Amino acid sequence: MGARASVLSGGKLDSWEKIRLRPGGRKKYKLKHIVWASRELGRFALNRDLLETAEGCVQIMKQLQPALTGTEELRSLFNTVATLYCVHQKIEVKDTKEAPEEVEKIQKNSQQEIQQAAKNEGNSNPVSQNYPIVQNAQGQMIHQAISPWTLNAWVKVVEEKAFSPEVIPMFSALSEGATPQDLNTMLNTVGGHQAAMQMLKDTINDEAAEWDRIHPQQAGPIPPGQIREPSGSDIAGTTSTLQEQIRWMTSNPPIPVGEIYKRWIILGLNKIVRMYSPVSILDIRQGPKEPFRDYVDRFFKTLRAEQATQEVKGWMTDTLLVQNANPDCKTILRALGPGATLEEMMTACQGVGGPSHKARVLAEAMSQASGAAAAAIMMQKSNFKGPRRIIKCFNCGKEGHLARNCRAPRKKGCWKCGKEGHQMKECTERQANFLRENLAFQQGEARKLSPEQDRANSPTSRELRIRRGDSPLPEAGAKGEGAISLNFPQITLWQRPLVTVKIGGQLIEALLDTGADDTVLEGINLPGKWKPKMIGGIGGFIKVRQYDQILIEIGGKKAIGTVLVGPTPINIIGRNMLTQIGCTLNFPISPIETVPVKLKPGMDGPRVKQWPLTEEKIKALTEICKDMEKEGKISKIGPENPYNTPIFAIKKKDSTKWRKLVDFRELNKRTQDFWEVQLGIPHPAGLKKKRSVTVLDVGDAYFSVPLDKDFRKYTAFTIPSINNETPGIRYQYNVLPQGWKGSPAIFQSSMTKILEPSRTKNPEMVIYQYMDDLYVGSDLEIGQHRAKIEELREHLLKWGLTTPDKKHQKEPPFLWMGYELHPDKWTVQPIQLPEKEDWTVNDIQKLVGKLNWASQIYPGIKVKHLCRLLRGAKALTDIVPLTAEAEMELAENREILKEPVHGVYHDPSKELIAEVQKQGPDQWTYQIYQEPYKNLKTGKYAKRGSAHTNDVKQLTEVVQKIATEGIVIWGKIPKFKLPIRKETWEVWWTEYWQAAWIPEWEFVNTPPLVKLWYQLETEPIPGAETYYVDGAANRETKLGKAGHVTDKGKQKIITLTETTNQKAELHAIQLALQDSRPEVNIVTDSQYALGIIQAQPDRSGSELVNQIIEQLIKKEKVYLSWVPAHKGIGGNEQVDKLVSSGIRKVLFLDGIDKAQEEHERYHSNWRAMASDFNLPPVVAKEIVASCDKCQLKGEAMHGQVDCSPGIWQLDCTHLEGKIIIVAVHVASGYIEAEVIPAETGQETAYFILKLAGRWPVKVIHTDNGPNFISAAVKAACWWANITQEFGIPYNPQSQGVVESMNKELKKIIGQVGDQAEHLKTAVQMAVFIHNFKRKGGIGGYSAGERIIDIIASDIQTKELQKQIIKIQNFRVYYRDSRDPIWKGPAKLLWKGEGAVVIQDNNEIKVVPRRKAKILKDYGKQMAGGDCVAGRQDED
C-alpha cells in the first residue's frame, strides 16, 4: 500500500481528502480510493505509475473513455482518475461530479487547438496514431514493446473464457495497432494451450500460402530506396525483422502487416472457438416457453463464434433471429416488419410464451370472432353441414378445451355420471356396455389358420360376430369342443362392416358402428309419432327425428329400440341395437405358429398354493379375468389340472384401476432355458440417416402370440373366493403371459418371422425391432414411405398384431427406446435432475443411472464422487449427506444438461474416429465421430482397476471399452486419436507385460497429455550405490523394522508400529529412495513391492506408495531388482538379519511359495498345506486367510460319525439349474459326485452301480425322493447286494452327512468356478479338491487317504479275525528267564518273528520266541497219562 500512497504527497493529499464523494454527501476521498484505482488499472492493462502525473491521468482517461457505457465500476474508476487529475493540476473541485465536467472542458479546448494547428501546418507531418508505434523527438518511427499489463490481460482472458466467443473481440481490442512481433509475443504467452495453438498455426500457414499465391515475390534485386514486398512468412513475423515490420507499417502507402496478420489470427481463433463451443447458429431455436430475451442472448453468443463476414452475420441476424423464434414470438416479429430494431423486438416480445399468453391470445381471437367469417378462420373447415360443435371440458366444465388438456385438478369420480368408483371410459350410464357382459367369444383355443385362407371367414382378423337364437353361450369343453363360431355370421373388419338391415319392412344398407351410442338412418319413412332431437355428429350437430319402439332385423336376429332419422352421411346401427342382438367385437389371437416349450428334464409344473387376497383384489381380478376370457387370452379349466401359480393385484400408477400380476418365479425355475434373442438394445448412433422415418408400437404385444398348447396347463392359476365360500375359479393362459421367462424370446422370434416377408419385399426399408418397438426408416419420398408403412401395418394386422394410432409416430422428433430422433440428429429424451434437500441411497442410485444414460451424448458428465456416496452396505431409504465434491459434480452436470446436445447418424462410407481426453484423476471422456464436431456418440470411463495405477494403463482400458462398443454398434473398430506420444506408449508397452493389445491409433496433442512420470532402468546403473532393502513385521504385536544396507557399508534401520510385512517392505524402499543420490540401484526380496513399482503407477490408493512415486519422479535414474529371500545372497542376508532381530520368528520357510501356488489352484485347507510342505500352522493358516475366495467362512472342522466302512449316504442337489448327485462315504467323508441330465430312477441306478464298481458299498442311505424309491434303484441294489435305508421324511438331520457335504461341495465349486467353463468340470474339480486337498478330522488325513485307510484296516481286521480263530487252536508252553520249569499250556494270542504274546490265567505276557514251545491242541485222546499236557485237565 505504501507504494501507491506516493501518488500524492503533502498539500496535494490534503486537497484530495477535502473532495466529497457525492455532491452534498458527508464521505470524502481517502488514500484507500487511490489504492483501489491502481488495482483496477491492472485489469485494463494500464500502468499504475501513470496515476502519479497529470499527463498519466490524461492517458488513462483516453483509454477508459470509449468504454464508459460499460459497468458502474468503470464509471467510478474514470471519475476517480478525473478527480486525481484535477488535484494534480490544482483545479479546485468540491465533489466527484465537478471533476469530469472540468476535464471535459479542457479536452474540448485542446481539441480546438490541435485542429487549428493542423490547419496552420497544412497536415504536413501526420503522426501515426498507431500505438505501439510512436514518433520520437527526431521524427523517427520507433516501436514501444507490448506492455506486461497487456499480456497479463490477454492471459487472463484466455484462462477465464477458455476460447469462448468473447475471446475474439478481447483479442482485437488488446492488439490494437500491434506489429507481427507483438502478436507473436501475445500468442507465445498462451502457448500452453497446445491443441488450440496447433490449429492456429495451421490457419496462419494456410493464409500465408494464399498470400504468396496472390502476391508473387518480384524477381531480381530491389532498386535502391525501395523496400521489398512482404511475403506470407514476413507478415507472420517469422522471416522479417522488427525494423522491416515498422517500415512496412509506416511507409507511404503503408502495408499494414500487423492488421493483416491480426486478421489471420482472428480467422484461426474463430475455428478454435467453433471447436470449444461447437453449436451452429442454425441450431439456436427458441424453446416454446423460453423468454425472447434469453433466446437473443444465446443467438448473439453463438453468432460471435460463427466464421463469417460481417455482411453474412448481418443477414443471419435479420433472417435467422426471426425464423428460429417460437411461433408466438414469430407472429409478433413479423408484424413489426423487416426494419425493426433489436430493442423494438425485445420490447414487443416481453412476457410472450407459456400457457397464460396462449390463453390471452385465444380469448382475444374468440372475442373478435363474432361473424361467420371469423369463425371460419378459427375453426377447421368441414364438409358437413350444420353448426360446429363447441368442445367442453368434462373436468372443469369450461368450454374451449378437452379434459385431457385441462390444467385444473382432476375431478374425483366419473366425468359422465358423477359417481365415484369408476372412470368415464368404464361408465355404464347411457352406454351400451357391449364389451363387458354376456359377450359371445369362443371359449376354445385360437385356431391355427394359414394366411392364405379366405380372410372373410378367418377368426384371426378383428371381427364382429352376431349370435343366433337367444340361448346364452354354451361353456366350452376342456378340449375346446365348442366350435361356436359355426352358428354366427362373422363380419371381418378389413372393410367397413356394412350389412343389409330390415327396418319397418324396408331393406337398407347400414354400417355396424360399435363406437356410436345411437342408431341413425337417412331417407327412410317410419310409422308412428316422433319427437325432434339434436345429436352430435362427425361434422357438428344434426337435427333428427326420434322414433321409439321400432323393430329392426339384422342377420335373422330381431331387436326393438329407438331409431333416429336425419341427414347422416351414412346409415349407422349403434350400440343400442347391437347389444340386444349379442353382437361382439372380437380380438383374436395371432395365427402365428406356436413355439414348442418344455419343462426342464426331470421337473414337473409348479404347485404353489394361492395366498389369501382381500375382497377388493378378488373382485378386481374376477373382472380382469372375465375380460381376458372373453378376448380368448385365458380359458377356464377343471380340477384335473394339478398345477398352480399364485396371482395378486396391484393398483396402477396414478389410477384407480387394478393390474393383475402372476408370480411366475416357480414356473420360471422349471421352464427350459431360452437363448436371449437380442443381447442388448439398438443404439441411435448406429442408425443410418434416412429421409423418412416412422416409429410404431405393437399393442398388447405378448397377448397377441399364442402359447404352446401342451405347455398351457403349467400356467394355471386360481382366483380364490372370500372365506373359501366356493371353490376358486381356475384359468390357464392361451397366450404368452407377462412375467414368464419365455415370453420375450418367443415374442421376438415370432416378430422376426412375421417381419421377414416385409424385409425381403422392401429391402430399401430399414426395420429395427426391439420387443414391441419398431423403427422404420427409408430414403423414399414421404408419401411413398407412408404407403409402405400402411402396407406393413396391414401385414402385421393379418397376423393379429395391432399398431395403435396412439403410439404411431409420423413426425419428428420420434421418441424411441428412450432417445429422441430428429431427421439429421439424435439426442437422449430430456433429462430432469431432481432438486432435493435430502438424498436417499435410492435417489442417488436413480440419479447416477440418469447421468450414465445422458453421458452417451453429453460430453463431460462425471459421477465419481456421487458413486462414492454409495459405498458400504446401506439401506435404500438411508439419507446420505452430499460431500462438497459430490455437490460440485452435481452442479457441473446440471450445467452440462442445460444446453441440449445432439449426435448425428452413421455414414457407412466414412471411417469412424474415436478421440479420448483425460478429464481428471481416473476420469476419461471420449467422442466417436466421422466428421469433426459432429459426434455420433460420446461416453465416459471412470473405473479404477487396481489400487496402484497409471494413466497409460487406464488409457488402454478406455480404448478397449470403445473398441468393444464400436464392434457392437457399427461392427467395426474406430481409428483412435489418443493424448499420448508414440514414444511414451512404446516405452510402457515393451516394459509392462500386462498391457493388452490396442488398435491402430495416432497422437493428438490435447492437454493434459498422458505421460510416464518416471522410468525404471532395465540394467544396473554402473557407479551408482546399491541399496539392499528389507522389512519385517510381527503379526501379533504389529511392530516392525525396515532398513537398508549399501554396498559401501552404510546401513540404516527404523522401527515401525501398526505395520505388516508388506508395508514394511515398501517402507524400506521409500527409505532407500529418500537417503540415496539421484541415481540408485535398489535390491528387494519382496515380489509384492516389485510388482507394484514395476507397473510404474503415477498415483495410488496407498499414501506410502504415493510417497514412493514422489521420490521416483525426483530421481534421474532408478534400477530396481529382486532376489529370492533367505538364500544367502550377500547384502540381502545382512539386511534381513538387521530387520529380523526381535521381529521375525521364522527366518527360513522354503515351502511357502509352493504352498501358495498349490492353494491358488486347489484352495487346499491349512492342514493339508502344513503337512505337505512342512509349514508351521500359523503360516499355512495365513495363506488361507489371505485368499479372498476362502474368506467366506471359517475353517470347517469335520468330526467323524462312528459308522461301519460300507455305509454311503446319497442325495441330489441343484446348482445353476442343473442336478448333481452326491454320494458320501460316511466313515471318511470321501465324496463321489457328478452332474446327471435328469433326476430319474434310471440315472440314479446307473450312478449307484458305478459307485459299487469302485468301492465296497454295503448300505446306501437316501431320502424318499421319487428317483430313490423307483423300481430301477431297487433293482440295482438287489443286483449289487446293497441294503437301501431311507431317511426320516422332512427331517434333514437324518441325511446330515450328505447335506453338509452338499454345502461344502457348492462352496468349493464357488471357489474354483472361474477356472472351469462348464459346471460338470467344476464339480469334478471340487470333488478332487475335497477328497485330496483338504485335511482334518480323525488322524489329520484327507478324505481320500482316510477311506483307503479305513478299507485297508477293515481287510486287515478281517484277516486278523481269521488268524485269531486259527491261532486259538494252539497251546504254548514257556518258561521264565529265572525259572527253568516249563509252564503252560497258555493260549496263543499272537506269533511274531522274535516273540509270542500269550494269555496264561488271564495274564497277558510277551515271551521270547526261543523260550516258548507251540503245540497244536489235538484233543484229550491224543495225550498220554504222563504227558506234560495232561496237566491241563487237572487245572
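Glycine too: its Cβ is placed from the backbone N, Cα and C atoms.
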Open item on the list: ASP1030, GLU1065, ASP1136 show up in Swiss-Prot as binding Mg(2+) 2; which entry in ASP1047, ASP1085, ASP1172 does that record put in the same site?
Closed with: ASP1085
- [ ] With ASP1211, ASP1263 listed by Swiss-Prot as binding Mg(2+) 3, identify the candidate in GLU1239, GLU1299, GLU1304 belonging to that site.
- [x] GLU1299
Open item on the list: Need the matching range: Swiss-Prot marks zinc finger on one of 16-57, 646-687, 730-771, 1150-1191, and I'd like to know which.
Closed with: 1150-1191
- [ ] Can you figure out which of GLY220, PRO221, ASP697, ASP773 (the recorded positions) comes closest in space to CYS1187 (Zn(2+) binding site), comparing Cα atoms?
- [x] ASP773
Open item on the list: Nearest of the binding-site residues to PRO221 (site 'Cis/trans isomerization of proline peptide bond') by CA-CA distance, picking from ASP697, ASP773, HIS1159, HIS1163?
Closed with: ASP773
TODO: May I ask for the residues of the chain that lie six or more residues beyond the region 'Interaction with human PPIA/CYPA and NUP153' (188-226) and have a Cβ under 8 Å from a Cβ within it?
DONE: 151, 154-155, 158, 163, 232-233, 235-236, 260-261, 264-265, 267-269, 271-272, 275-276, 1004-1007
Task: Rounded inter-Cα distance in Å - ASP697 (Mg(2+) 1 binding site), HIS1163 (Zn(2+) binding site) - done: 53
Open item on the list: Let's check the environment of HIS1163 (Zn(2+) binding site): how many other CB atoms sit within 10 Å of its CB?
Closed with: 22
- [ ] May I ask for the distance between ASP773 (Mg(2+) 1 binding site) and HIS1159 (Zn(2+) binding site), taken between their Cα atoms and rounded to an integer number of Å?
- [x] 52
Task: Integer mean pLDDT for the region 'Dimerization of protease' (576-588) - done: 78
- [ ] List the Cα distance (Å, whole number) between HIS1159 (Zn(2+) binding site) and GLY220 (site 'Cis/trans isomerization of proline peptide bond').
- [x] 87
Open item on the list: Counting only residues 6+ away in sequence within the same chain, which have a CB under 8 Å from the CB of GLY220 (site 'Cis/trans isomerization of proline peptide bond')?
Closed with: none
Task: Residue, out of the recorded positions PRO221, ASP697, ASP773, HIS1159, whose Cβ gathers the largest set of other Cβ atoms within 10 Å - done: HIS1159
